[in-house]
Amino acid sequence: MTPAARLQAAIDILEHILNGAAAEQALTTWARGNRFAGSGDRAAIRDHVFDCLRCKRSFAHVGGAETGRGLVLGLLRARGMDPETVFTGQGYAPSPLLPDESLPAVSPMPDNVALDCPDWIAPDLQVSLDDQFRPVLQALQHRAPVFLRVNLARGTRATAAARLAQEGIGTRPHPLAETALEVTENARRVRQSSAFMDGLVELQDAASQAVIQALPIPDGADVLDYCAGGGGKALALAARGAQVTAHDADPARMKDIPARAGRAGVTIDMTHAPQGRFDLVVLDVPCSGSGSWRRAPAGKWTMNRAMLNSLLQVQADILDKAPDHLRPGGVLGYMTCSLLMSENTQQITRFLDREPAFRLVSQQQFTPLDGGDGFFLAVLQHCG
Ligand SMILES: C[S@@+](CC[C@H](N)C(=O)[O-])C[C@H]1O[C@@H](n2cnc3c(N)ncnc32)[C@H](O)[C@@H]1O
């Protein structure tokens, strides 16, 4: 496909997303209906679509409309490209610009538009991030780096980097976690690499790795991963030597755990109803995802106040159930990929008010300015 044809494909996919389709589903549907597109085409189209979603408000402003065409027009203008060279109508290129599309926006761009921040959540983010509000929102307008977690049960960070280098995949150690490698070259080859297929590395954000590294895990500790989902945290916990039991309110979300654990050479039990008491209960609760808007930008635009309020209730309910699964003196690790105080420190303050038998050991907020996703961790100990 030509570069212009890829942009037309992005326009079509963005239209579906703007009409309510989930981003991944819209990309998959397009790929199934256009089997001539090679993997390079699909990857480039995906990048265009996600670039436009990350910067939806500002691109729509610059492109003159919140439509697939408007967003791609905004993308080109934001990159300093002349849209006339793409919107030619030749071959599979987008049709030529209409007169009202040819004129760049002249109205001033309000602050939240320039930062691609939804208005309803901006005050919450301002209070939560304080003087980091602007740089964090600006960081969220860009692609996230690709990070790998080295499975220390299989090898060291240096051996993993050397193995990946043999397959043309460049990496460098990342300071957020001692297991973290940032991919600097040929990220798209990772899933086909022998280092990945042999379980020496897993794809995992660096801040996700950092929060697992920060948890106190005595040798052979019994750990319940209460919101295990696809098992990213469960695998990292098992690699640290924990005996991990995975649970999720939606067990179907755990379907990939056995294969991932097999590849990593670890065992993870799965349960619908956790029995007994654990040394550590990890609560990687459902959240706004505001810390991972670089990776999942559609969430930035679909979240609303009512959804956030209902998530706050789910988080409080999960926190309240967790002590039932903890042995006396055990530890709770509460975590979110959120930047909002309401989901983070405020949840912990309220939990401690309700549960005086717990004390706060530590809490830590990561933002994309640290390199990885925005993440929050609170470590709480039961006072026995
Ligand atoms: C942030 S995701 C977990 C991601 C996962 N830990 C990982 O590292 O890949 C949150 C998970 O919580 C689950 N969940 C939602 N409500 C829950 C509840 N009340 N109890 C337990 N799990 C719940 C969701 O199904 C979802 O899989």
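In case you wondered, yes, glycine gets a Cβ from its N, Cα and C as well.
Bear in mind that TrEMBL entries carry predicted annotations, made automatically and left uncurated.
Residues or ranges marked as active site, nucleophile by TrEMBL: C337. The annotation S-adenosyl-L-methionine binding site is assigned in TrEMBL to D248, D269, D284. Summarising the annotation, TrEMBL assigns domain 'SAM-dependent MTase RsmB/NOP-type' to 136-384.
Sequence features, as recorded in TrEMBL, placed on the structure.
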residue: D248; record: S-adenosyl-L-methionine binding site; DSSP (3 states): coil
residue: D269; record: S-adenosyl-L-methionine binding site; DSSP (3 states): strand
residue: D284; record: S-adenosyl-L-methionine binding site; DSSP (3 states): strand
residue: C337; record: active site, nucleophile; DSSP (3 states): coil
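Listed binding-site residues: D248, D269, D284. Those with a CB atom under 6 Å from ligand 1: D248, D284. For the pair formed by D284 (S-adenosyl-L-methionine binding site) and C337 (active site, nucleophile), distance between Cα atoms is given as 8 Å, rounded to the nearest Å. Taken together, the residues in the domain 'SAM-dependent MTase RsmB/NOP-type' (136-384) have a mean pLDDT of 97 on the 0 to 100 scale. The two recorded residues, C337 (active site, nucleophile) and D269 (S-adenosyl-L-methionine binding site), show a Cα separation of 25 Å. Maximum C-alpha to C-alpha distance over the listed S-adenosyl-L-methionine-binding residues D248, D269, D284 is 17 Å. When Cβ atoms from all protein chains are considered, those within 10 Å of the residue listed as 'active site, nucleophile' total 27, not counting its own. Using a 10 Å radius centred on the Cβ of D284 (S-adenosyl-L-methionine binding site) and all shown protein chains, the other Cβ atoms total 25. The number of other CB atoms found within 10 A of the CB of D269 (S-adenosyl-L-methionine binding site), across every protein chain shown, is 14.
Taking a C-beta cut-off of under 8 Å and a sequence gap of six or more, D248 (S-adenosyl-L-methionine binding site) has these contacts in its own chain: C227, A228, G229, M254.
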